[in-house]
Amino acid sequence: MQSKSARALYLIPYGAWILLFVVAPIALVGYYSLFDLHGSFTFGNYRNFFSSIYLRLTLSSFWYAFLITLFSLLIAYPTAYYLTKTKHKQLWLLLIIIPSWINLLLKTYAFIGIFGQYGPINALFAAIGIGNKQILFTDFSFIFVSVYIFIPFMILPIFNAIDRLNPALIDASRDLGANSWTTFRRVILPLTMNGVKSGIQVTFIPALSLFMITRLIAGNKVITLGTAIEQQFLVTQNWGMGSTIAVFLILFMFIIMLFTEQREKGGTGNGRNR
Amino acid sequence: MKDLIRAALAVLIVSALLMWANAELGKSAGKAGADTITVYNWGEYLDPDLLKEFTKETGIRVVYETFDSNEAMMTKIQQGGTSYDIAIPSEYMIEKMKENDLLIPLDHSKIPNLKHIDPYFLDLPFDPGNEFSIPYFWGTVGIAFNPELLDGDYDFSSWEDLWDPALRQKVILVDSAREVIGMGLNSLGYSLNSTDEKELDEASEKLATLAPNVKAIIGDEIVEMMQRKEAAIALTWSGQAADMMSVNEELDYAVPEEGSNLWFDNMVIPKTAANVDGAHKFINFMLDPEVAAQNADWVGYSTPNKDALDLMDPELVDDERYYPDEEIRDHLEVYRNLGPEMLGDYNERFLKFKMEMN
């Protein structure tokens, strides 16, 4: 009996936290999305969302988030794989994680200098005879910087998953005659899928709503849902429309969570336990 | 477990020490004193030495905070968390704040230095009789450019010059809906306060064709980009252009002849004020010709203080780029508050414009 009431007591802080900082804000966003500029009740914001501008905005957000996630994954998976094979793997992992502790804005400003007309990259291009190129404010620079920022978050869960893989399984696969590609496809990849899914979750969802990088690196030529929300709240002061876009962003997140759900049993220690 | 408790204790002790130190620092900075005023201003928009001088002269301490857009400023004042005594919004925002009953009427008898202000800048439509606001700085929207980086002779006397196919990927625009849509309207000869959907559609179409020339749409980073020759042409405000030129002398600034925006930033006392008397003293202090001259020198924008002009570098004051004469000023337009629907419309058009850039 005593343990039961004690358990209930322990739940109070957690419950209060969830209620105050998760449930209440989402409810407020939903509430505000139902009002127009004059504070009268309307579904007009939702109708407006399905107009061409916001649909195109959503599609382009998804497209860029997809590219960012894809490239992050392509780089992170092999990196994580080889990290688990190195001697001082914890040290290497730490070296990869440390840059993610530096303020995002600082790193972004650094890239403005690196990619600039007089930056080191263009100096290199000029030296090897390619000539000066416009790198800043292009799709390339936007995806490059975003991938750079998300890679540590992608590597961590994948690293954990691969690290936890029992090497005996790989030996067994080899003994049974599978070549290395089959081993990877049939044994390693399925068993580390949970790490990959977690990595996709922590990359794709924030990538949908990036907004500082869109201005500083892409020169506002790439627009994401995040930019649109920021503008509705700070410039137009149309909280209703801003909330509506946020509602859709939350919906998209749920859908992505559903797709990347961790199904397997025994996948207790997936990569999100950082 | 013991370790955990010890670590938690250490964190608590360090936090407590920091909090105490912060409170002490706050005291010596005058936050807790009785006679203080809180000034809410744009970034880089007031010579910090003048704040010290104001404290020396009046004994009133100044807490100084900055904002980066009119809209953000108004949101903060509406919420009312901080007791701002002075704010410096632009003209259309003053109109809006008046509508929302966020301003306290000024007592002109406490501002004798008002006589130094050029009457041209007084009694304007957004605040008849200057009941709520006193001019601080004014300026224009135009094109800053670097002739060294351009092949050919451009003077940007017309907005049309920006559409020149030779200027591919050379133009930076300021990230602000009113300025960019206004440019589109002006280039077609329409008013930049247009609320006519047909004119706005035309302007949007015209702007979309600018896409190949647009390099980026950014904020205050423009200044550094132009200074470091990262970009050749920028749509910007006159004061930012002056800022750029103070570092890179190759640069030039022009206001196209079809018309552009003429803007005013005025000092107001918001409803949040706790020290209305101190706020009046501050306004009066800023209007003193010597103070205004020093401030204008530091900030780089144009002062409406006619007696300050005599104390400033004549080369600057006679520069038509910063102090255009009345004839030019008269065909420039002041922004009107268009109301939330039109502002939303402008912003959606601007969002669409940005999406067309790629």
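Cβ from N, Cα, C; glycine included.
Annotated features, as they stand in TrEMBL:
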type	residues	note
TRANSMEM	A:12-33	transmembrane segment
TRANSMEM	A:53-79	transmembrane segment
DOMAIN	A:58-260	domain 'ABC transmembrane type-1'
TRANSMEM	A:91-115	transmembrane segment
TRANSMEM	A:135-159	transmembrane segment
TRANSMEM	A:199-218	transmembrane segment
TRANSMEM	A:238-259	transmembrane segment
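Long-range contacts of the transmembrane segment (A:53-79) within the same chain: residues 96, 142-143, 146-147, 150-151, 154-155, 158, 196, 199-200, 203-204, 207-209, 222-225, 228, 245, 248, 252, each at least 6 residues beyond the stretch ends and with a Cβ under 8 Å from a Cβ of the stretch. Per-stretch counts of Cβ pairs under 8 Å to the transmembrane segment (A:91-115) identify A:135-159 as the leading one among A:12-33, A:135-159, A:199-218, A:238-259. Sequence-distant contacts of the transmembrane segment (A:12-33) (same chain, at least 6 residues past either end, Cβ-Cβ under 8 Å): 45-46, 239-240, 242-244, 246-247, 250. Residues 61-62, 64-66, 68-69, 72-73, 76, 104-105, 108-109, 111-112, 115, 136-139, 141-142, 145-146, 149-150, 153-158, 224-227, 229-230, 249, 252-253, 256-257, 260, 271-272 of the same chain lie 6+ residues outside the transmembrane segment (A:199-218) yet bring a C-beta within less than 8 angstroms of a C-beta in it.
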